[in-house]
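Asker: For reference, TrEMBL lists these features for the protein:
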type: ACT_SITE; residues: His213; note: active site, proton acceptor
type: BINDING; residues: Asp171, Gly221, Tyr376; note: substrate binding site
type: BINDING; residues: Asp248, His250, Asp337; note: divalent metal cation binding site
type: COMPBIAS; residues: 31-47; note: compositional bias 'Pro residues'
type: COMPBIAS; residues: 474-490; note: compositional bias 'Basic and acidic residues'
type: COMPBIAS; residues: 491-506; note: compositional bias 'Acidic residues'
type: DOMAIN; residues: 100-390; note: domain 'Histone deacetylase'
type: REGION; residues: 29-52; note: region 'Disordered'
type: REGION; residues: 456-506; note: region 'Disordered'
Amino acid sequence: MLTVRSWYQHDSDCPCRSRTFPRDIASLGFPLPPHARPPQLPPPTPPSRTRCRLPRPPPFGAASACRGRRPLESEVMLEKDRISYFYDGDVGNVYFGPNHPMKPHRLCMTHHLVLSYDLHKKMEIYRPHKAYPTELAQFHSADYVEFLHRITPDTQHLYANELTRYNLGEDCPVFDDLFEFCQIYAGGTLDAARRLNHKTCDIAINWAGGLHHAKKCEASGFCYINDLVLGILELLKYHARVLYIDIDVHHGDGVEEAFYFTDRVMTVSFHKYGDMFFPGTGDIKDMGDREGKYYAINIPLKDGIDDISFTRLFKTIIAKVVETYLPGAIVLQCGADSLARDRLGCFNLSIEGHAECVKFVKKFKIPLLVTGGGGYTKENVARCWAVETGVLLDTELPNEIPDNEYIEYFGPDYTLKVPNLNMDNLNSKTYLSSIKVQVMESLRAIQHAPGVQMQEVPPDFYVPDFDEDELDPDERVDQHTQDKQVHRDDEYYEGDNDNDHDDGGH
């Protein structure tokens, strides 16, 4: 394996706790602070020489999208959405440590539910590439990426100052295979974005992604690499505008911060706010700044919000956002810690209520990247994301869970549905109405969907130039590793005569 140091330069003076800026922010008409080292904000592929119009989202034309109306039945594709699904079993094998609430094993449980319901036969399954350090450094500082690559549990005692600087510790511990874990989940989101960009799918799913708290130069809230920011940067190469929606119980602070000063990305986060709840950001008054003013939308909620209250507010706001902003692509973070009974959550959503948000966003027929996120009652996380995989495939799942490798986790009833809690909803109708009014006022301040000037499209990714013959034989990539990039066509077939995957369509 090539050493990380040969792939990028160090960035030792990164402002770890400051707002992050898009790299083209200087072109927006105001000076950069001297300390800012912003991420690359790539240009999209424009259809004209002046302003970049909304890319043509399947299945209806750009003209109907620009008028802000719903597509006619005649405009909707007759065939089902093409779904790409990304999974690598290694991502679920890491261990954050005893008593840590983050359990990546939930991803293995989710995947086996997907298999047991035969959902894999209705979509393309891919094993993501491991993101290169240079790809991670498109947003994160190079020195932070290099440190994540270098640090191990056995050597962390040598780096006390760096651990503090990069916020590694109790919440974000150093564990075995930490960097590979980051490479896998970030690679999944990058691959998903690229397939959407090249129109080889309509919806891309990476349940391992969605780690929305990571900052440019530091870890935060169990998140080390912000795959969502990386995925959005990739989408911006082909789309003038990207909409980010977050239904995790925690505020999507890392994504909001990364795009706080640009109108190329609109962030919309529904989250618990107040009572010292992590991360403590996401006030409704935080709405972006400078060129990004009004393009950060925060919906601060209180304990106990239920399906009816949440979905009604969600649909009203998101419908208006899409009508106003006209995104070319949507990224939906489906953190499952907003479910009732979550170990760290405080909402009272059922799986059906959570999935209703996914179903609603899917109906816009705009290229959609779906990720996971939080979720700390692992059996309910697996239930939720399996149901939402079915929603994206237009497949209703039977309530009785089929036999699978993790069936014992779903006892004693072995069903998908989980009852809500008997808890008070502290979100009054008056409070929710005031939230809606303030959001609508912010959206009215946006006079039109922003465009960008025509520019050359950056390449999808960078692979360092090297001659394989010059590498040490022990450091070459073996054939097995190369083969892991894509699942074999028959990997999940029941037998030699099982051709459902080929004949079933998408």
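Placed from the backbone N, Cα and C atoms, the Cβ positions cover glycine too.
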Asker: Would you give the longest CA-CA distance, in whole angstrom, between residues of Asp171, Gly221, Tyr376, the set recorded as binding substrate?
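Answerer: Looking at Asp171, Gly221, Tyr376 as a set, their Cα atoms extend up to 14 Å apart.
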Asker: Which value does the mean pLDDT take for the domain 'Histone deacetylase' (100-390) in this predicted structure?
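Answerer: Computed over the domain 'Histone deacetylase' (100-390), the mean pLDDT is 98 on the 0 to 100 scale.
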Asker: Using the alpha carbons only, what distance in Å do you get between Asp171 (substrate binding site) and the residue listed as 'active site, proton acceptor' once rounded?
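Answerer: So the alpha carbons of Asp171 (substrate binding site) and the residue listed as 'active site, proton acceptor' sit roughly 12 Å from each other.
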Asker: How many Å lie between the Cα of His250 (divalent metal cation binding site) and the Cα of Tyr376 (substrate binding site)?
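Answerer: Given the Cα positions, His250 (divalent metal cation binding site) is 12 Å from Tyr376 (substrate binding site).
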Asker: Calculate the distance in Å between the alpha carbons (Cα) of the residue listed as 'active site, proton acceptor' and Gly221 (substrate binding site), and round it to a whole number.
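Answerer: The residue listed as 'active site, proton acceptor' and Gly221 (substrate binding site) have their Cα atoms 6 Å apart.
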Asker: Under 8 Å Cβ to Cβ from Tyr376 (substrate binding site), same chain, six or more residues apart: give me those in sequence order, or none if nothing qualifies.
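Answerer: Expected: Pro101, Met102, Lys103, Asp337, Asp342, Arg343, Leu344, Gly345.
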Asker: Taking the centroid of the Cβ atoms of Asp248, His250, Asp337 as the divalent metal cation site, which other residues of that chain lie with their Cβ within 8 Å of it, listed in sequence order?
Answerer: Val249, His271, Gly335, Ser338, Leu344, Gly345, Gly373, Gly374, Gly375
Asker: Express the distance between the Cα positions of Asp248 (divalent metal cation binding site) and Gly221 (substrate binding site) as a whole number of Å.
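Answerer: Taking the Cα atoms only, Asp248 (divalent metal cation binding site) lies 12 Å from Gly221 (substrate binding site).
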Asker: Other than Asp171, Gly221, Tyr376, which residues of the same chain sit close to substrate? List them in sequence order, counting a residue when its Cβ is within 8 Å of the Cβ centroid of the site.
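Answerer: For the substrate site, the extra neighbours are Pro101, Met102, His213, Phe222, Cys223, Phe278, Leu344, Gly374.
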